[in-house]
């Protein structure tokens with residue numbers, strides 16, 4: 001009797017777990033299947049981003065924008081005889097999942113390029129897998145300088161992987177840009193620097209600190225938080241007692257929102273400043289009313305203000321996606337289009353057909369891609385970095401992000 | 001400015017929450033020697049129960065003074081239902097099986113509950129905002145207490161008092177003590193042990209539910225993964241206090257919370273330790289403390305030395 005019920009329960013649990021996994025995978029794969037039917041060859045553009053979990057707001061925006069790019073290309077019949085399809089995989093912001101996904105993409109021979117991932121730490125685990133297969137990867141969001149310029153980028157830059165490109169600019173620019181704004185424009189001289197110890201957060205906090213000190217500012221305290229917890233009260237108390245005029249946070253919005261809220265609740269009425277990782281609507285939701293006045297820098301100029309982006313915004317609305325295109329929509333769209341442009345060049349050079357070594361050719365063609373995208377001119381330098389180095393400071397005003405100042409960073 | 005009082009309060013508040021959840025671990029362990037690793041998820045479902053009452057049952061704009069008691073009821077109802085269901089369908093069939101079997105079931109159940117909320121609760125794929133108590137923080141001397149924490153300050157001691165009364169003074173409570181000591185003999189004396197076990201699960205879940213509402217009010221958001229880390233901390237608190245002892249669970253929680261707050265605030269000031277003092281190291285120090293306590297008092301702070309049954 002006992003034996004039988006044990007089996008029944010195990011079976012029930014297993015069945016339950018399987019149903020759930022099935023839900024998950026169906027959820028992440030079905031979006032791209034209907035992107036047109038031009039006939040001929042099908043080229044798959046992979047998407048790797050966090051489609052579930054804390055960062056899903058950003059990840060879904062990436063997926064939808066790539067989907068839109070594929071649909072537009074098919075509609076215009078941009079590459080003759082080629083139909084683009086997307087395939088999205090969920091990395092849950094985990095490096096291990098990212099690597100599994102990368103291996104999956106490499107194994108599917110229709111995949112000629114991948115857009116993603118969102119997190120620099122995830123990219124680190126994927127780069128080699130893609131490079132070995134000569135499969136091109138274009139990230140719309142990675143900002144860690146190591147990814148393109150090598151771990152010693154402060155002293156000597158060396159390109160790590162020839163198949164990795166990005167349309168976002170790097171933290172080597174973003175951190176100092178924020179420091180210059182905080183010191184020169186906002187006139188704050190005492191900063192408390194907090195990061196989450198991840199590749200992205202620590203890198204950003206580091207470049208901010210260097211520039212802020214160089215300008216003459218004082219760092220009155222540093223902290224590293226554990227991204228798994230929600231209780232930052234001890235840190236908030238330290239911030240309050242440090243006499244800081246501003247908090248710089250290197251990390252992402254799921255922690256930045258509660259952190260901002262708890263710092264203000266502890267009695268320190270000072271703004272929190274962060275990078276593109278906190279530039280999300282969910283940050284405002286999590287930070288609550290006291291988040292008004294918090295600042296974020298993000299790559300590029302605000303998509304809504306660019307003429308080149310109007311069409312994208314309109315098309316995105318018309319396509320009826322459930323989720324917003326979020327912080328990286330424009331960059332994801334441009335990333336996907338850079339792959340499409342590269343495929344076009346390869347197909348044109350080969351007399352209208354895909355060559356047998358299409359992946360290597362596409363990767364090579366990527367280096368010389370140049371076109372006017374949603375976010376401005378899209379092209380890549382010798383490290384695979386975007387040549388477009390524009391940034392914008394946003395502030396939380398009336399429950400939404402408002403652009404304060406756009407500019408191009410000049411190294412000092 | 002002296003920040004010690006504030007950091008102590010931060011730690012005690014965090015610790016009260018650990019303690020509320022730890023009671024569930026300790027009671028279930030005390031009676032059936034099962035470490036219910038799904039308890040953290042029972043805590044999580046409680047929070048979603050409270051949110052359901054607020055967001056989908058009460059009309060918009062209900063005053064928090066009316067809403068809060070109803071949310072508590074919702075939280076307790078959901079958590080108790082889940083816990084009793086888990087006991088009936090996942091643990092009871094395995095009660096005489098080797099220890100490892102129910103432990104594995106508990107881990108499976110914990111994942112299943114997380115995934116169920118993730119898949120079926122509207123908007124639960126990312127964090128959901130939880131309503132907050134209106135009003136600014138209170139200042140007592142140079143200690144600031146948030147309005148959201150007032151609930152915790154009141155709920156933790158009241159819950160403890162009710163529990164102590166129940167276990168020490170009522171018939172069922174004495175039945176629990178008897179079952180904890182020796183289930184077979186208790187059964188021979190006419191104690192309905194099945195019922196006692198269900199009550200232990202239900203009580204533990206009710207406390208977790210109170211803790212989950214406190215969590216929501218304190219941090220203003222809940223998500224499907226909130227139970228995992230907190231459950232782990234509460235389990236640590238239960239072991240620290242002496243697993244099986246309900247006062248030990250609360251004490252263990254408080255000690256753990258204070259240790260985390262103080263390590264974040266002060267370890268970095270010790271010469272040569274500045275690398276190990278940030279908040280990301282707080283968990284490490286909490287576990288160092290646990291190991292130290294277990295080295296010198298293997299039964300935990302308030303636990304009793306148990307002789308192995310022959």
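Positions of Cβ are set from backbone N, Cα and C atoms, glycine also.
Residues or ranges marked as transmembrane segment in TrEMBL: B:12-35, B:42-58, B:64-86, B:98-121, B:150-168, B:196-216, B:247-268, B:280-296.
Long-range neighbours of the transmembrane segment (B:247-268) within the same chain, counting only residues 6 or more positions beyond its ends whose Cβ lies under 8 Å from a Cβ of the stretch, are 3-4, 7-8, 10-23, 25-26, 156, 160, 164, 233-234, 236-241, 274, 276-279, 281-283, 285-286, 289-290, 300-303.
Sequence-distant neighbours of the transmembrane segment (B:12-35) (same chain, 6+ residues past either end, Cβ-Cβ under 8 Å): 42-43, 83, 91, 95, 99, 102-103, 106, 149, 152-153, 155-156, 159, 163, 176, 179-180, 183, 196-197, 200-201, 203-205, 207-208, 210-211, 214-215, 218, 230-231, 233-235, 237-238, 241, 243-246, 248-258, 260-261. With a cut-off of 8 Å on Cβ pairs spaced 6 or more residues apart, the transmembrane segment (B:64-86) and the transmembrane segment (B:280-296) reach fewer than 3 such pairs and are scored as not touching. For the transmembrane segment (B:196-216), the most Cβ-contacting stretch among B:42-58, B:150-168, B:280-296 is B:42-58 (pairs under 8 Å). Nonlocal intrachain contacts for the transmembrane segment (B:98-121), taken as residues 6+ away from its ends with a CB within less than 8 angstroms of a stretch CB, comprise 33-38, 40-42, 44-45, 48, 82, 86, 90-91, 224-225, 227-228, 231.
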